[in-house]
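*Asks:* According to TrEMBL, the protein has these features:
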- 10-46: repeat 'WD' (REPEAT)
- 56-97: repeat 'WD' (REPEAT)
- 154-195: repeat 'WD' (REPEAT)
- 196-238: repeat 'WD' (REPEAT)
- 239-280: repeat 'WD' (REPEAT)
- 281-317: repeat 'WD' (REPEAT)
Amino acid sequence: MKLAGLKSIENAHDESVWATTWVPPTETRSALLLTGSLDETVKLWKPDELVLQRTNTGHCLGVVSVAAHPSGHFAASASLDSFVRVFDVDTNNTIATLEAPPSEVWQMRFDPKGTILAVAGGGSASVKLWDTATWNLVATLSIPRPEAPKPSDKNSSKKFVLSVAWSPDGKRLACGSMDGTISVFDVGRAKFLHHLEGHFMPVRTLAYSPTEPRLLFSASDDAHVHMYDAEGKTLIGALSGHASWVLSVDVSPDGAAIATGSSDRTVRLWDIGMRAAVQTMSNHADQVWGVTFGPAGGPGRLASVSDDKSISLYDFS
């Protein structure tokens, strides 16, 4: 496996680019790359040449997360303005606007079937589940707090929820928090199952393997990437090599590799079998907030976005 640089766009946004994901292809078009920035915009890019297709406005503060529906027909953007905007990818028409109190909107993900949008609830120490047919809030999964906290305990905010990930079958939801813990829920029963431990700093991104349903990867400010058996509550391995915070992680469609982005300004490719970094890319001049592999079945692609306002696209083979 190897990454080869295809194209980079400098000043892709006017400010830091904090979020990216791929919009799956539809019957009428190929996959698109979706990016969100602190400049309050969301942009859609034609892959390979990174040609700008469309710029979406509507937020009044920076965009911190983007998510694409499995159908490829609509997507969502979450902003520091405490709104989630759901929009039609091809027309940019707003489908729904979901409101949350301040600091209640962080990372979000559609479930594999596309029936639920999970939104990390930030300061409420919860994850909100929205029905994508009605856009009604259908459940709130509360992250358990430490047992018997003292009235003077100021660490309750440490349960601030930053990240979410769905298992491939959509039955489990993993949530990463500011204090380094990862909480796993049975979504059907809206029931907390257990914590996964090992990190002691914020867990900013989580990703399940598409081929090993129990295998969960976590990226943390402690500069490590952890591999967990999310059902067996077991830490399988810890990958080290980044010199600073690991801000993002994604798993390749074949499940054989992961990519990570870090505040050390690098993108790393890791061989899961070897449990080692096999390549380091230094395209960016500032911290790398997002890495995302292209959809299965398409040309092998990886994209990364950074505080330096740029997007880089790599061939993955």
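The backbone N, Cα and C atoms fix where each Cβ goes, glycine too.
Bear in mind that TrEMBL entries carry predicted annotations, made automatically and left uncurated.
Help me picture where these features are in the structure shown.
*Replies:* Each residue of the repeat 'WD' (10-46) gets a DSSP state, and the totals for helix, strand and coil are 0 helix, 18 strand, 19 coil.
Taken residue by residue, the repeat 'WD' (56-97) breaks down under DSSP into 0 helix, 23 strand, 19 coil.
Secondary structure of the repeat 'WD' (154-195) per DSSP (helix as H, G, I; strand as E, B; remaining residues coil): 5 helix, 22 strand, 15 coil.
For the repeat 'WD' (196-238), the DSSP counts in helix, strand and coil order read 0 helix, 24 strand, 19 coil.
Beyond its flanks by at least six residues, the repeat 'WD' (239-280) meets 1-3, 201, 204-212, 215, 217-221, 223-227, 286-297, 300, 302, 304, 306, 312, 314, 316 of its own chain at Cβ-Cβ distances under 8 Å.
Counting residue by residue with DSSP, the repeat 'WD' (281-317) contains 0 helix, 19 strand, 18 coil.
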*Asks:* Could you check whether the repeat 'WD' (281-317) and the repeat 'WD' (56-97) come into contact, where contact means at least 3 Cβ pairs under 8 Å with the two residues of each pair 6 or more apart in sequence?
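*Replies:* With fewer than 3 qualifying Cβ pairs, these stretches do not touch.
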*Asks:* Could you tell me what the rest of the chain brings near the repeat 'WD' (154-195), counting residues at least six beyond its ends with Cβ under 8 Å?
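*Replies:* For the repeat 'WD' (154-195), the nonlocal Cβ contacts are 103, 106-113, 116, 118-127, 129, 139, 141-146, 201-210, 213, 216, 218, 220, 222, 228, 230-231, 233.
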